[in-house]
Amino acid sequence: MNIDKFTAHAKSVIANHQSLAIKNDHQQILPLHLLSSLLSEETGIIQALINNIGGNINLLKDQVQLELNKIPKIQVDGGGQIYYSAEDLKVLEKSSSIAKDSGDSFVTIERIFEALTYDNTIAGKILTNNGINSKKLATAILHLRKGKKADTESAENNYDALKRYGRDVTELAENGKLDPIIGRDEEIRRAVQVLSRRMKNNPVLIGAPGVGKTAIIEGLAQRIFSKDVPETLINCRIIELDIGALIAGAQYRGEFEKRLKAVLSEIKESSGEIILFIDELHLLVGTGKVDGAMDASNLLKPMLARGELHCIGATTLDEYRKYIEKDAALARRFQPVYVGEPSVEDTISILRGIKEKYELHHAVRISDSAIVAAATLSNRYITDRYLPDKAIDLIDEACSRMKIELSSKPEELDELDRRIIQIKIELAALKKENDEHSKKKITSLTEELKKLESKSYDMNTKWQAEKSKLQQAQKLKEELEQARIDLERAERDANLAKASELKYGIIPEIMNKLQEAENMDNKGLLKEIVSESDIASIISRITGIPIDTMLSSERERLLVIEQKLCESVIGQDEAIKGVSDAVRRSRSGIQDINRPLGSFLFLGPTGVGKTELTKALAGFLFDDRNALLRIDMSEYMEKHSISRLIGAPPGYIGYDQGGVLTESVRRRPYQVILFDEVEKAHLDIFNIMLQILDEGRLTDSQGITVDFKNTIIVLTSNLGAEILVNQKEGEDTYKVRDEVMQYVRAVFKPEFLNRLDEIILFHRLNRNNIHDIVKIQLGSLKKILLQQNIILEFDESALNYLAEKGYDPSFGARPLKRLIQREIQNNLAKMILAGEISSGNTVKIRREKEELSINIID
């Protein structure tokens, strides 16, 4: 016996049976150990042989283990010597002899298994008693190998290669494990047309990720199963090639090629009845190419050209262009079938078709409004992915979320139980006290506890009943699904009696029971129907865009948005109204969906509230005044600085980092973008804004389209500020506007100005405005001091003093801020550090003659 003539798997079995004997403290290595090792081998070849003969591998394993337990254990200090029994060596010799007689160059595991049938010990008897003899086994091996000889050390890897390295899609269709395919008739028809050709009958499905390329293959498999295809394809089977399994473990040079050749050989022998489906077709180019070896695509080319291999590929347009088109010889052997993104209407039909599968899996119900919302909202708000994939993901996640909620305790009941635990803890603590107040408290808490426990018991009973009803409905859905699969099978096999029983008896009965089980009280504790609001909530979490159903409180808030913004911005009613209208349009869903929510050019002198209004708007929308992207346009005075906004071009440093503007909007699609002091930027920068303002999108340096449709864009400028500063009381507003617009038109191109929603003038602040701003500024200071437990008070004289001294029509409110810092904050800081003002003090500010006085009240 030459151990080198055994395959790698056979050597592994021999090593394992030796380890088994040592592990069990047996002195001899017996054929029984060899049989046990064979039954546990990982390739599945022995199991396939036993199943073919009609044996039961689990029964064999139990019998072998029973006999192994009977062998006496011998334990010797320091480790005893273990040796091969004569019978074991005889079996291995016999396996070599069988392999040689069969024309094999190497001894494989099935030859060792065959040799065991000639064994006269207990191992051979177990096989004989289970109906496994040498004659049956030889026939099964011949069927398994399909006439192939074991001529390599990895011969077992080439047996039944299609089953090992592929997935039978047609079999999945037969077992009802594929989702129904709605639409895509044209693409399936085109694929069938190419497959029916005499030569080069290999379609390649090309389309964006998520449009349903693999679904077309599943649809074709279902049509083959239902015989809804031309005669040439009726007996075909679609096998999906697993390239990962093909490559995995191919450690020796040439092993990958042998595996692939074994797959191709089986396909060739099938006489055109096997259609090979290769997902991610571009992976074939270069796969297996090491040190001059041929890659997978070169192995396929001859068979593809001769029409011996029916192959369907699937890849994206970018990868087809990058890998397949570069290899012209490979590209010409495939016929492209372009798969486009389905429309929203088609997506709704697809979702309705797969609805039952998701309801069955998640044990929930999906409303039709949820399906429509998933298609329309995903198309509108998730712009970097494709239909129907993104819509299906929304349905799946919404169902998953509801399933988790159904399996956990209802929130109302959970809060009740927590309150009961809290009361019990309080009672335990109060029982240690003897005073009268504690006794009264114990009495009141005990009464409350009784009421809550009674309520909890009732709710718990109701919850369990509802849960039981849902579980019953789920079981009925599973039975209904299985009955429908059985009906299809019965109709296909022409078993009319069974088909009639299922169609007119069993299925209607299950449906009636299911209808009764689903008639749950809408006011129950459990909600099992996925609605439109659930889909909107999922999109809000994914994108950050608040499109979930507005609460009545928010509706009221949006109607008074002007009042909220006026609390921060004084004297700019026209600007506030324009911005407020834009927000209301967006939140009510009636704005143009192909443009940003609003685009404004704020014109006015410094310090009148242009930037402040933008911050106030961000604060209103996000409850955070700093939740806006602020881009200071004075940093973009050079032409080349455009690359900072959209990313550096290929070949430059920072190409892979993205742009300041595009990356921010990609990560947070719903935000306020402030381009501050736009007149200072290079004029070429405004050219990239044209498509943002008009189409609501921008392509960055990497070719990724960024969606700006959910942003509010604000541009601020000081152009024409001199005119607005010198504007007299009661002067014609239209005349002033025309003069300012002359300055604006001299700087900005008409196509840029024409794309803005509104150009808003910020007028200079008057004394009354400054008086109101003083209140706001001191109010902010009051809040800061309150954090240190210091109360700040000021009278009307102090307000008038600050308004008079802080008023400068040319500089707006900014001098006022500096005045408050100089006159109040500096003095307060000194007094706090000196210990004159401490926590709990009240500080009163009033005017005394021509200055402010700060008085401390304990």
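Positions of Cβ are set from backbone N, Cα and C atoms, glycine also.
The model shown is predicted, which means the values in this text are computed figures rather than measured ones.
The domain 'Clp R' annotation in Swiss-Prot covers 3-147, and the record cites sequence analysis as its basis. Among the features that Swiss-Prot reports, region 'Repeat 1' is placed at 6-71, with the record citing sequence analysis. Residues or ranges marked as region 'Repeat 2' by Swiss-Prot: 84-147. Per Swiss-Prot, the feature region 'NBD1' maps to 160-341; the stated evidence is similarity to another entry. Look at Swiss-Prot and you will find Gly207, Ala208, Pro209, Gly210, Val211, Gly212, Lys213, Thr214 tagged as ATP 1 binding site, backed by similarity to another entry. Look at Swiss-Prot and you will find 342-544 tagged as region 'Linker'. The coiled coil annotation in Swiss-Prot covers 392-523, and the record cites similarity to another entry as its basis. Among the features that Swiss-Prot reports, region 'NBD2' is placed at 554-764. The ATP 2 binding site annotation in Swiss-Prot covers Gly604, Pro605, Thr606, Gly607, Val608, Gly609, Lys610, Thr611. Here Swiss-Prot flags 765-858 as region 'C-terminal'.
In this structure, Gly210 is the one among the binding-site residues Gly210, Gly607 with the smallest number of other Cβ atoms inside 10 Å of its Cβ. Using CA atoms as reference points, the binding-site residues Thr606, Gly607, Lys610 were checked against Thr214 (ATP 1 binding site), and the closest is Lys610. Note: Val608 (ATP 2 binding site) has non-local neighbours Gly571, Gln572, Phe762, His763, Arg764, Leu765, Gly812, Ala813, i.e. same-chain residues 6+ apart with C-beta under 8 A of its own C-beta. Against the region 'NBD2' (554-764), the recorded stretches 6-71, 160-341, 342-544 differ in Cβ pairs under 8 Å, and the greatest number is found for 342-544. A Cα-Cα distance of 49 Å separates Lys213 (ATP 1 binding site) from Thr611 (ATP 2 binding site). For Pro209 (ATP 1 binding site), the same-chain residues that are 6 or more apart in sequence and have a Cβ closer than 8 Å to its Cβ are Thr316, Arg385, Tyr386, Asp389. Sequence-distant neighbours of Thr606 (ATP 2 binding site): residues of the same chain at least 6 apart with a C-beta under 8 Å from its C-beta are Asn718, Ala721, Phe811, Gly812, Arg814.
Of all the binding-site residues listed (Lys213, Lys610), Lys213 has the fewest other CB atoms within 10 A of its CB. Counting in whole angstrom, Gly207 (ATP 1 binding site) lies 53 from Pro605 (ATP 2 binding site) by their C-alpha atoms. Other residues of the same chain near the ATP 1 site, with their Cβ within 8 Å of the Cβ centroid of Gly207, Ala208, Pro209, Gly210, Val211, Gly212, Lys213, Thr214, are Ala215, Thr316, Val339, Tyr386, Asp389.
Comparing local CB density within 10 A for the binding-site residues Gly207, Gly212, Gly604, Pro605, Gly609, the maximum falls on Gly212. Set side by side, the binding-site residues Ala208, Val211 differ in how many other CB atoms lie within 10 angstroms of their CB, and the most is found at Val211.
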